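A.B. asks: Structure provided below as structure tokens; questions to follow.
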Amino acid sequence: MNQAELQRHMEEVSLQFFQKEFRHQAVFNARLRTTGGRYLLKSHNIEMNPKYLENFGLAYFIGIMKHELCHYHLHIEKKGYQHRDQDFRELLKKVDAPRFCATIPREITMHEYTCKSCGKSFLRQRRFNVNRYRCGSCGGKLIQIGSKKIYTENA
């Protein structure tokens with residue numbers, strides 16, 4: 001999906017669920033890390049995180065669009081647009097939009113080291129020079145076995 005398709009989807013979702021036009025811009029912002037989208041109060045534009053579209057699909061992404069459009073329409077109408085406001089919570093329920101986003105799984109590389117003497121195994125996120133360090137248990141020489149990618153739920 002590109003910027004033009006995002007804009008078109010945002011306008012369609014606004015008309016379908018809110019029966020109101022979306023008159024501002026919707027753009028992708030790949031720098032967003034822990035949030036699915038962001039409504040900008042001054043410009044009235046909406047920024048969307050493209051990683052949520054890649055990881056969770058279009059149906060979930062439309063839910064995030066509905067959430068951001070709740071902020072948008074309530075702010076334009078000068079009603080309570082913040083998460084804690086009653087108007088916002090009621091509109092979320094009415095259009096069946098999520099209140100919070102799921103976290104995107106993060107990819108972490110783990111490096112595995114083993115002691116030549118005692119065979120103890122170590123997992124570390126950072127690589128280190130095996131010639132400079134020794135086993136903490138027996139003082140033996142360490143060798144790097146390899147590295148593997150692990151997906152975590154933390155953001």
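Heads up, residue numbers simply count up from 1 along the chain you see.
Here the Cβ of each residue, glycine as well, is placed from N, Cα and C on the backbone.
Features from Swiss-Prot:
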DOMAIN    7-145  domain 'SprT-like'
BINDING   HIS67, HIS71  Zn(2+) binding site
ACT_SITE  GLU68  active site
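Please situate the listed features within the shown structure.
C.D. replies: Here the domain 'SprT-like' (7-145) is broken down by DSSP into helix, strand and coil counts: 48 helix, 29 strand, 62 coil.
Under 8 Å, Cβ to Cβ, and six or more positions away along its own chain, GLU68 (active site) finds GLY37, ARG38, TYR39, ILE46, MET48.
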A.B. asks: Let me check the 10 A CB neighbour count of HIS67 (Zn(2+) binding site). How many other CB atoms are there?
C.D. replies: 24
A.B. asks: Once near-sequence residues are set aside, which residues in the chain of HIS71 (Zn(2+) binding site), 6 or more away, have Cβ atoms under 8 Å from its Cβ?
C.D. replies: TYR39, TYR81, PHE88
